[in-house]
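Listed in TrEMBL:
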| type | residues | note |
| --- | --- | --- |
| ACT_SITE | Ser266 | active site |
| BINDING | Arg74, Tyr211, Gly212, Gly213, Ser264, Asn392, Ser393, Arg394 | substrate binding site |
| BINDING | Ala265, Ser266, Gly267, Lys268, Thr269, Asn270, Arg394, Arg425, Tyr519, Arg520, Asp521, Asn522 | GTP binding site |
| DOMAIN | 20-231 | domain 'Phosphoenolpyruvate carboxykinase GTP-utilising N-terminal' |
| DOMAIN | 237-605 | domain 'Phosphoenolpyruvate carboxykinase C-terminal P-loop' |
Amino acid sequence: MVDVDAILEAAHLKNDSVREYVRYWAGVTGADNIEVVSVEDDTRLIEEALAAGEILPAGNGLYYSRSYYKDTARSEERTIVATSNPSDKGVYNNWYPAAEMKAKLTGLMTGASKGKTMYVIPYLMSPPGSPVEKYAAGVQLTDNRAVVLHINRMARVGAEYINNLADPDSFVRAVHVTGDLENLGQGTPEDKRYFVTVADERTILHFGSSYGGNALLGKIAHGLRQAAYDGWASKKFLAEQFMLLGITDKVTGKKWHIAGGFPSASGKTNLAMTLSPDALGDRYYVEFYGDDIAWMWVGSDGRLYGMNPEFGVFGVAKDTNEKTNPTAIEAIAPGSKSIFTNVAYNAKTQEVWFEGRTSAPPADLDGWTDWKGGLIADRLPAEANDPWAHPNSRFTTTLANVPNVADDYENPVGVPIDGIIFGGRTRDREPLIRAIRDVAEGVYDGLTLGAEATFAADGLDGQLRYDPMSMRPFMSYPEGPYAAHWLSIIGQCTDKPIFAHVNWFQRDAEDGHFLWPGYRDNLRALLWLMQLRDGEVTGIESPVGILPAKEELVLDGLDIEPADLDKLLTIDTDRWKQEIGFRKAHLEQFPNLPEEIWEAHRRVAEALGE
Ligand code: GTP
Ligand code: SPV
Ligand code: MN
């Protein structure tokens with residue numbers, strides 16, 4: 001048995017509650033060794049991981065990591081929120097009793113780290129000093145060194161973040177045990193993976209994965225599920241899967257901040273990192289604050305404030321290139337210490353590649369392996385069109401590497417939020433942008449956010465998979481109280497953000513091309529929204545919100561067919577009438593939905609003539 005106390009003492013880990021927690025899980029997992037990590041250890045850990053073959057060199061100061069081939073994405077079916085109160089059960093949170101889950105996970109983790117080192121990672125999901133710092137401290141335990149390297153980039157890591165807590169017990173206990181990945185029965189009825197947040201005990205127990213979305217517990221489990229629960233239980237804040245950006249008008253000196261929820265793989269990272277279109281670059285400057293999580297609270301001046309609890313970006317690699325996202329390309333450039341996961345890799349040239357990085361894959365196949373490690377040159381004819389990179393392959397880099405990261409991204413005060421936007425992949429019906437001034441209608445719009453379902457296959461005829469506020473996979477308490485908490489927080493603001501729904505993904509009914517060029521041009525829709533908020537434009541009222549008049553949009557340098565633009569700025573009333581019926585059925589699943597939300601629904605339905 002290792003002398004846990006001597007190791008913690010030597011690592012200057014002073015918090016007694018933390019020591020007790022580490023001692024307990026060291027005993028359960030049976031780890032051979034304990035090591036406390038701070039970000040200063042990163043260079044040594046990189047060397048060790050390279051020597052052990054856990055990561056591979058991918059050029060100057062860049063690294064490649066491959067997770068097990070059945071372990072490449074978040075697993076929603078295996079993700080559970082547990083508490084001791086059955087009334088915490090919602091429609092999407094996959095609730096189980098805490099006692100049952102703690103026993104199950106303790107059983108699975110018993111002896112499961114034998115022969116391994118258990119890394120102790122004290123972290124903070126907030127800039128130090130923020131009004132929500134109290135909810136931000138955590139200690140992740142993991143038996144996986146590559147996971148440590150990711151967390152060093154994604155969170156603020158060091159003993160100093162937890163040694164002097166006002167309440168020494170108020171840190172999130174986040175235990176990650178990788179498990180024997182080749183014998184976990186992933187996707188079968190005998191699946192042994194469990195990703196559990198025991199929300200009312202602020203304890204996270206994840207077993208059976210080393211992929212970021214299941215293993216970086218500060219990010220998805222603490223930053224989203226636990227924080228959403230804490231924000232609700234304390235009545236103090238919201239924690240949402242939102243990006244956060246700033247726009248400065250260099251002519252007037254005005255600066256706006258916009259937060260927004262888009263379901264996974266629907267454009268948050270790309271929007272938060274966007275640059276002005278070339279034609280507008282002299283006037284507007286976009287700053288990056290966050291690309292995946294925002295915590296939001298009401299400031300003493302009556303405005304909504306937001307901050308990004310993360311310290312890095314875990315972004316979708318696919319289609320990231322100089323044209324779509326030049327900022328990301330710079331952030332993952334040589335020397336950035338970025339890690340690429342599950343992309344294609346060339347061991348001879350130490351290069352990485354993923355679909356959309358260049359228009360065609362490298363012509364010389366020599367040395368190239370796909371995300372599973374198979375040589376591309378050895379592929380059978382039937383495999384010729386398989387992607388080289390996994391569609392959910394990712395890059396990991398720190399915020400400081402993002403060239404347009406805001407100067408004040410570490411300011412603990414956060415930023416005042418002027419607008420809240422929702423957007424999903426919607427091939428028809430949803431216009432480019434529609435603004436919503438009424439808070440209940442804005443919250444209603446978030447609750448009915450949808451992402452495109454494969455309706456062609458299952459015959460749902462345009463029906464969407466609803467993803468409330470883009471939080472469906474991260475929902476930790478019931479949807480009715482969730483809506484009420486939103487109404488309460490925004491209701492407390494005396495200077496409220498304007499809401500809007502955006503859609504970059506409308507397609508032509510005939511040939512399927514995207515009507516809107518997207519990416520950097522998305523800024524044009526956001527500028528209109530901020531001008532509407534400031535009373536500089538009036539827009540056109542529609543049954544589902546205010547649409548831009550064409551002449552109100554800044555169109556300089558925009559390459560678009562006039563007919564496509566017209567389509568993007570109109571409402572298809574028949575499709576909307578059909579949608580109202582779907583929405584009613586969606587909302588009826590949620591007990592105790594606030595009456596204000598139903599009133600908002602009825603107002604929209606009536607305006608549509610339903
Ligand atoms: P998560 O990290 O999974 O939460 O995803 P995300 O919401 O941050 O999505 P991301 O920005 O990584 O985009 C996902 C995919 O959508 C990428 O392949 C992008 O290239 C693509 N995408 C993003 N913005 C646009 C856009 O404006 N138009 C089009 N056509 N595609 C876009
Ligand atoms: C998402 O899937 O929404 C992500 C990446 O942002 S993960 O960490 O896998 O959740
Ligand atoms: Mn996400």
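Backbone N, Cα and C define each Cβ position, glycine as well.
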- Which of the recorded positions Ala265, Ser266, Gly267, Thr269, Asn392, Tyr519 have a Cβ less than 6 Å from any atom of ligand 2? none
- Among Arg74, Arg394 [binding-site residues], residue with fewest other Cβ within 10 Å: Arg74
- Task: Using a Cβ cut-off of under 6 Å to any atom of ligand 1, determine which of the binding-site residues Arg74, Tyr211, Gly212, Gly213, Ser393, Asp521 qualify.
- Result: none
- Fewest Cβ neighbours within 10 Å, where candidates are the binding-site residues Tyr211, Gly212, Ser393, Tyr519: Tyr519
- Inter-residue Cα distance where the pair is Arg394 (substrate binding site) and Tyr519 (GTP binding site), in Å: 19
- Task: Filter the candidate list Arg74, Tyr211, Ser264, Ser266, Asn392 of recorded positions, keeping only entries whose CB is under 6 Å from an atom of ligand 3.
- Result: Ser264
- Message: Tell me which of the recorded positions Ala265, Ser266, Gly267, Thr269 ends up closest to Asn392 (substrate binding site) in space, Cα to Cα.
- Response: Ala265
- Where does Gly213 (substrate binding site) sit by DSSP, helix, strand or coil? helix
- Closest by Cα to Asp521 (GTP binding site), out of the binding-site residues Gly212, Gly213, Ser264, Ser393, is Ser264
